[in-house]
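Scroll down for the structure; my scribbles are underneath it.
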Amino acid sequence: MAKAKFERTKPHVNIGTIGHVDHGKTTLTAAISTVLAKKGQAIAQSYADVDKTPEERERGITINASHVEYETKTRHYAHVDCPGHADYVKNMITGAAQMDGAILVIAASDGVMAQTKEHILLARQVGVPKIVVFLNKCDFMTDPDMQDLVEMEVRELLSKYGFDGDNTPVIRGSGLKALEGDPVWEAKIDELMDAVDSWIPLPERSTDKPFLLAIEDVFTISGRGTVVTGRVERGVLKVNDEVEIVGLKDTQKTVVTGIEMFRKSLDQAEAGDNAGILLRGIKKEDVERGQVLVKPGSIKPHRTFTAKVYILKKEEGGRHTPIVSGYRPQFYFRTTDVTGAISLPAGVDLVMPGDDVEMTVELIAPVAIEDGSKFSIREGGKTVGHGSVIKTSN
């Protein structure tokens with residue numbers, strides 16, 4: 001059967017529910033789809049539909065994640081809900097489902113719990129720009145003073161982790177009652193979605209960002225010069241644009257003299273294109289796979305950085321033994337792999353497979369990276385971890 005064509009009539013946004021176990025994330029996800037389905041903006045999903053999450057094999061790790069699709073008046077959403085805490089950690093660190101924003105679910109009856117804090121911190125580290133709070137189970141915890149107290153605590157926590165705690169929308173509702181069709185609580189879901197529409201920013205389209213192409217191959221066309229090929233990760237490139245070649249060696253400046261795709265010449269290449277770029281005055285030996293072609297000044301080479309890393313379990317094809325400071329695996333960024341030595345934080349002697357940790361890495365050669373850059377860690381031909389750069393330093 002042919003797949004239905006995706007009609008792009010509204011801007012698309014990826015969001016997810018985050019928060020402590022049993023605070024009602026999955027019930028809320030089901031409630032959103034059920035309430036919006038009544039307006040023809042979603043297909044209703046029951047708790048069981050959302051809960052029977054398909055296993056996704058994403059970059060060698062198993063992530064259980066459920067994707068629900070729905071629309072509001074102004075936007076189209078893909079909503080990810082993960083059943084287990086470990087799945088959220090993996091999902092967010094690897095960027096398996098990039099979140100443009102998140103709905104933090106907190107049970108009014110429990111308040112802020114350990115995973116509430118961890119998910120907020122993780123959201124900050126992986127670059128989720130804004131969070132909307134849904135204070136759940138308000139049909140059960142009816143005391144407004146208690147609800148006020150929890151709201152105050154959440155706002156302080158958001159501010160502590162660098163979010164705008166004072167202005168973040170906090171909606172008080174009941175996912176369960178809304179799912180059961182109680183109109184008072186259904187209205188709270190509408191209120192929540194209005195807040196999501198207005199508070200969570202539309203993601204910047206990749207074409208609006210500064211140009212970056214990860215170089216996959218280099219060859220010479222006699223009489224014309226050196227061509228680099230690769231996929232345009234973001235931005236737009238035009239003939240005669242000035243570009244920099246960054247990473248592995250000293251940064252070089254050059255000018256684009258031609259752009260080709262499918263053996264046809266183009267005026268410009270944009271995000272998503274696999275293109276060949278002809279460069280002025282560059283010898284084949286001056287450039288290599290693993291470097292990036294970028295808009296001048298938009299990204300710098302770094303040898304040291306701090307990252308949030310998830311170490312794969314042995315069942316996920318990872319190591320059987322823990323890692324310690326001084327461990328020297330390969331770090332894979334885009335089209336390059338570079339050896340690096342890790343340093344664990346003070347007081348952490350080792351990291352077990354299945355754990356996540358913040359670590360500092362020192363590479364043997366500089367690589368073009370920035371906050372949020374994703375990478376894999378490999379040794380002996382197998383992937384042993386995934387990470388996300390939190391902070392670069394020279």
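Here the Cβ of each residue, glycine as well, is placed from N, Cα and C on the backbone.
Residue ranges 60-64, 200-204, 295-299, 320-324 are listed, and Swiss-Prot annotates 60-64 among them as region 'G2'. Range annotated as region 'G3' by Swiss-Prot, chosen from 81-84, 145-148, 285-288: 81-84. In Swiss-Prot, the feature region 'G4' is placed on 136-139, out of the ranges 136-139, 220-223, 272-275, 376-379. In the predicted model, residues of the region 'G3' (81-84) average a pLDDT of 77. Secondary structure counts, DSSP: the region 'G4' (136-139) has 0 helix, 1 strand, 3 coil.
Sequence-distant neighbours of K25 (GTP binding site) (same chain, 6+ residues apart, CB-CB distance under 8 A): T17, I18, G19, D81, V105. Neighbour count (other Cβ atoms within 10 Å of the Cβ, all protein chains): 23 for T26 (Mg(2+) binding site).
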